[in-house]
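Record features (TrEMBL):
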- 9-50: repeat 'WD' (REPEAT)
- 51-82: repeat 'WD' (REPEAT)
- 93-134: repeat 'WD' (REPEAT)
- 135-176: repeat 'WD' (REPEAT)
- 177-218: repeat 'WD' (REPEAT)
- 225-259: repeat 'WD' (REPEAT)
Amino acid sequence: EDPSLERHFKGHRDAVTSVDFSYTKKQLASGSMDSCLMIWSMKPQMRAYRFMGHKDAVLCVQFSPSGHLVASGSRDKTVRLWIPSVKGESTVFKAHTGTVRSVHFSSDGQSLVTASDDKTIKVWTVHRQKFLFSLNQHINWVRCARFSPDGRLIVSSSDDKTVKLWDKTSRECIHSFCEHGGFVNHVDFHPSGHCIAAGGTDSTVKLWDVRMNRLLQHYQGNSVVNSLSFHPSGNYLVTASSDSTLKILDLLEGRLLYTLHGHQVRQRLFYSNGQTHNKLSKSVMVWKTNFDADYGEVLKPQKYGSSVDGTHGT
């Protein structure tokens, strides 16, 4: 069964930049260039809530693992933690000196990692609402930062054309992946924590083993990769590109599985709990998949060649 369009939400007054499901999939959060964060109910008869507080575009949003908080980052240089209720109360975190492009909770919900145009990655405590430390070796804007599933590592991607792997405890950069030929827009950990995927302006998606720092797979596309995310099973990777398509990669077979056409402008996505989220100017699309039917085996590094042509198999 091919992925099919399931929901189409409209309400933002400007381009949608980011979306995320709550763990239960009952709510969807979205950020927009209109400076608002919105919480949508997945039940059509229930209303959406518009939260205001940021002074400029909201570029990233994420629910905490429990679903009791939503983090957002903005061009106003702040991070906010919201309670997703009718009141829409929020707490402001201030430490970055540039646009905040990425927010991500650790799997235990205790920490938050953020990435910014000030060239730093910052780590915060959630409950004490306190800045802890910065990671400072990137030499250009940092587009994305993610905790590993076990919370011990942080991965970051930057306009300096590198992906960096950090040890959270020692606060040291333990490896730099320099194979990308352009800005690296997005990076994420495989659910196993054993590998990472990154994509960017060189139109490629690359997967590395973080234990051996070895390239596992290389998908060559035709357009800038703006965002990517693993399916929870680890068997699929979804990418969103500037050619207005979503691509679903089958990692076990090492090939392009589907190309989804839904938006007519540049887009990004977030993919979680077996659903694909697709963003465009002023609206959000949700695509239904059947990928939860059979997880099969997880990604095994030794199975793959070094290069896969991502332009075929649509």
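Positions of Cβ are set from backbone N, Cα and C atoms, glycine also.
For the repeat 'WD' (93-134), the list of distant contacts is 59-66, 69, 71-75, 77-81, 140-147, 149-151, 154, 156, 158, 166, 168, 171: same-chain residues at least six beyond its ends, Cβ to Cβ under 8 Å. Scored by C-beta pairs under 8 angstroms, the repeat 'WD' (177-218) has its highest count with 225-259, from the stretches 9-50, 51-82, 225-259. Residue counts for the repeat 'WD' (9-50) under DSSP, split into helix (H, G, I), strand (E, B) and coil, are 0 helix, 27 strand, 15 coil. Helix first, then strand, then coil: DSSP counts for the repeat 'WD' (93-134) stand at 0 helix, 24 strand, 18 coil.
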